[in-house]
Amino acid sequence: MFAYLKKRNYINLKTILIAALVSAILVSINLSAAAQTTAAQNLSADEIINRRDENEYVITAYSEAEMIIKNSGRSQTKTMRSWQDKENALAEFTNPRDRGTKFLKRGDDLWMFFPQAEDLVKISGHMLEQGMMGSDFSYQDMLESDKLTDLYNFKLLGEEEYEGRTAYKLEGVKVPGKEVSYYRRVVWIDKERFVGLKEDLYAESGRLLKEARVLEVEEIEGRWYPVHMVMENKLRQNTSTEFIVREIEFNPDLPDNIFTLERLR
Amino acid sequence: MFFLRMAFKNLTRHKRRTIITALIIAFAILIYVMTDGLMLGMTEMSFDNIINLESGHLQVVDQNYWEDRKELPLKNLITPSAELEAEIKKTAGYVAMTKRLKFAVNLNNGIDELPVTGVGIDLGQDDKVFELQNYLVEGRMPEADSSEIIMGAKLAELMDFKTGDYAVMLIRTEEKTFNTIDGEIVGLFNTPHPSLNESNVFLPLSTAQDRLNTKGKISHYAVRLSDQNQALTAAEELSTRLEAPLQAYSWKDAAKSLVTMIEMQDIETQVVLAVILTLAAVGIINTVILSALERMEELGMMKALGMHEREIVYTFMGEAAGIGVIGGIMGIIMGIIGLSIFNINGIDISTITAGGDMTYGFPLSGTIYAGWEISSFIFVFIYGIIVSVLASIFPALWAARKDPVKAIYHR
């Protein structure tokens, strides 16, 4: 093209510039596309985990959710609404039995407010290991908010079909010296959508403690988000907790001072 | 001493009334002696339970651990060393020591989970300090370095475990990571210490250290001395020789809440005694007024013949003191009989608590026996006499101040 122009001795600077720009853009798009496909094929274990976390772990959100706790044939449903930002979270139960019960997480601390007793309790020590409101999620599970790749050394075990979706299977082993609950975790992550599909949590002795499965994912505001999941405590028979997100809004305007103890009362 | 003789004669003049009034005092004393004996017995047994099953005479602990020991932390543990042990052995009255590691456990039977206390015990040494193995009701003690466990028969019943079953113990290591111990239950115990039966699981120390990743550390040394009364001074003396932050605590420190509770109970007993003796005092007042009314003419005559008011009051007081002495003697004899019955047969605590163990307060279960304390007998005897004498003063004054003429006419 340039040769032709030169030959014709017809040099229009503007045309050249435009052409150069267009081709530059095209090339860069092509390159980045190529880079993306190769990266997708050779994502490291940490990258896969972080991509899932970027997808699933929202920074600021308001959500309404339902928790179905099943324990040896009995089932109870709790509903709640929650607000969260980077460090803090507040959950308020709305079902009649627990109405007004609130949890506030501020950094590494967790408080609970009982409306009947008007009592504010800090949950600490071995209370943290109890299931939250009788569910299979422990309070401790709620508090662990550090980046998973800092706490665990992840290794890609391969790709596996899981419930009709191709998934990466990864294994994370605790980084020595870090304070984390589970020694080892095995995660299945959807290869295309980067949503966790299943997660097995193990004790140091190798015993399976908990199993979390995602039953339903939805595309919300452009990202795939797990909206229905079930957690099973593998040490106890016939117990499971289902968690269903009814509504979620990313990056809402949070009321001022919502994450303070004063607002909890 | 005319009035004393008079008082004595008056006492023998109305034998039946004297005996009945004395009986009131006797019963008050009986109740006090029994309550006190029972309290004393419970206190002694509780302390024995704490010493023999929970804390030993002395505990050597990191003082930062001691503050939050109820939380069963895995922080501020002790690394055992030969020098430290040699230092502990120098304590006056030293008999034996053992290492223990306490930690929080979620005991799991596949259906339910129960938070309990896990205790890693040094199996060669533990029985020299503690008496746990004397209370095995089934099976045997765990073998060293195995993952065999023993637990209270009560806890096993609650969790539906039998010997030979495997219990999953969910624990957190030093780094807060979950770990599990599949413990084979090889023995069940039933101690007189209820909280031990309900919420403790014992296993070999090395197994506990291994699963908790504590790298050979322990939470404390427990030391047995030849005499429990040495513990306080021994703890102070040993603490001065230990390097900070290590410190020795006596069993009294370990049982601090119990000691406070017993002090409160003691006050309670005194209040009850005061109420009962006040009632007895009312009986005495009544008796004195009655005998004064009865003897009004007599009193008037005596006053007319020149007897002092003071002497009349003394006569009544002497009479009351006599009743107090008689009541006191009767009460103490009854008390000795009552306490002997208590001591020989004991009382089954489940009859008091309607079948259950005491879930609060005293760490006691099974049969309790009363204790003896000679000082409490002496105290209540003297107290009884003083109350009787004091109760007689006012009615005696009332009688003595009567005008002789009016008294003789009895109007």
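Cβ coordinates come from backbone N, Cα and C, glycine included.
According to TrEMBL, the domain 'MacB-like periplasmic core' annotation covers B:18-239. The feature domain 'ABC3 transporter permease C-terminal' is assigned by TrEMBL to B:272-404. Marked as transmembrane segment by TrEMBL: B:20-42, B:271-293, B:314-342, B:374-400.
Sequence-distant neighbours of the transmembrane segment (B:271-293) (same chain, 6+ residues past either end, Cβ-Cβ under 8 Å): 10, 14, 17, 21, 24-25, 27-28, 31-32, 35, 299, 316, 319-320, 323-324, 327, 380, 383-384, 387-388, 390-392, 394-396, 398-399. Proximity of distant same-chain residues to the transmembrane segment (B:374-400), defined by a Cβ-Cβ separation under 8 Å and at least 6 residues beyond the stretch ends, is recorded for 25, 28-29, 32-33, 36-37, 40, 273, 277-278, 280-282, 284-285, 288-289, 292, 296, 299, 303, 309-310, 312-313, 315-317, 319-321, 323-325, 327-329, 331-332, 335. DSSP places the residues of the domain 'ABC3 transporter permease C-terminal' (B:272-404) in helix, strand and coil in these numbers: 101 helix, 4 strand, 28 coil.
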